[in-house]
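Here is the structure we will look at.
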Amino acid sequence: MTQSVGIARAHTNIALIKYWGKRDKELFLPMNSSLSLTLDAFYTDTKVVFDTAFTEDRFILNGLEQDEKEIRKISRFLDLFREYIGEDRFAVVESLNFVPTAAGLASSASAFAALALATATALNIDLSRQALSSFARRGSGSSTRSLFGGFVEWDMGTCSEDSLARPIDEADWDIGMLVIAVDKAKKKVASREGMDLTVATSPFYQAWVETAAQDLAAIKEAIAERDFEKLGRLTEHNGMKMHATTLSANPPFTYWSAASVRAQEAVRQVREESGLAAYMTMDAGPNVKVLCRASQMEELKRELSVLLPEFQLIESLPGQGASQLTEEEWQQSHSRFQKEVGYEG
Ligand code: DP6
């Protein structure tokens with residue numbers, strides 16, 4: 001066949017128990033298992049076309065042709081699939097990131113999950129979702145979890161084949177997440193470099209690994225019991241511990257800005273004064289994500305916007321796992337992107 005096409009959508013995810021550190025950088029094997037919530041508000045749509053007529057790989061992101069460095073990352077990822085089935089055609093990869101620019105969430109998680117599903121579809125590779133998640137992992141660790149919807153666990157595994165994701169719960173029980181977009185600037189220390197430096201230099205790192213395992217077991221209990229307070233407290237504590245390891249790295253660094261700390265204080269204040277269920281977590285950037293009750297999201301948003309009038313607050317509900325798109329849906333996706341996000345440049 002001269003041409004084969006695959007199109008897929010994957011949503012981003014926010015870790016409640018963080019992945020922080022690799023035991024094998026080449027294979028993207030993590031130091032600890034993690035657990036996330038997939039979000040419906042942020043996603044990536046990707047189309048992959050393999051053709052005998054192509055003489056090189058190309059990558060077009062949000063309408064912009066990408067440079068060699070970006071193409072190399074994509075090519076290396078496509079090679080995993082090409083090598084798996086002995087494919088030698090080049091590909092054109094086109095992606096649209098549906099992430100409000102201010103959210104600063106332009107995440108590799110949805111990107112590599114969508115690319116994994118689109119590529120497997122184009123090449124007609126019959127893999128289970130779990131096996132596909134272990135391919136996605138090789139693009140970016142957090143994308144392992146974006147193949148599935150709701151609460152998802154990424155089991156650290158013992159080797160490349162069994163370090164994969166599994167769905168834990170659909171999160172269809174009054175769960176929401178509010179993103180406080182304090183800063184849209186690109187992160188100063190990429191998560192990859194940040195976690196490597198932490199593993200290598202933080203004297204607290206071992207404690208992180210040990211307690212992350214305990215947190216994971218406890219949060220799975222909280223989910224099984226549908227105990228929101230327990231879920232929230234564990235989320236907040238685990239996130240803070242991750243950030244404590246960056247402060248103890250050498251040289252020390254932090255992803256927090258002054259605005260992040262203000263946002264954190266606002267979340268605590270609203271929780272204490274209005275009794276709303278709201279628990280925060282942060283990733284490798286300054287934005288604060290608030291785990292909340294979907295039924296209280298509007299009220300929480302109102303309260304927080306009084307304390308933080310200058311920041312955009314973006315609501316999300318739990319999202320679905322990755323799915324294939326038709327050519328017609330892809331065309332619609334382009335029109336929506338033009339209308340809602342707009343092409344860069
Ligand atoms: C803080 O998945 O971006 O968001 O595997 O090196 O691509 P690489 O890192 P990445 O790291 C995510 C770190 C985190 C926590 C998490 O999502 O679990």
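Note that the numbers count up from 1, one per residue, in the order the chain is shown.
Just so you know, glycine gets a Cβ as well, placed from its N, Cα and C.
Since we're looking at a predicted model, the values are computed, not measured.
Here is what TrEMBL says about this protein:
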type	residues	note
DOMAIN	10-165	domain 'Diphosphomevalonate decarboxylase-like N-terminal'
DOMAIN	177-317	domain 'Mvd1 C-terminal'
Helix, strand and coil residues within the domain 'Mvd1 C-terminal' (177-317) as assigned by DSSP: 83 helix, 20 strand, 38 coil
Mean of the pLDDT scores, which run from 0 to 100, over the domain 'Diphosphomevalonate decarboxylase-like N-terminal' (10-165): 95
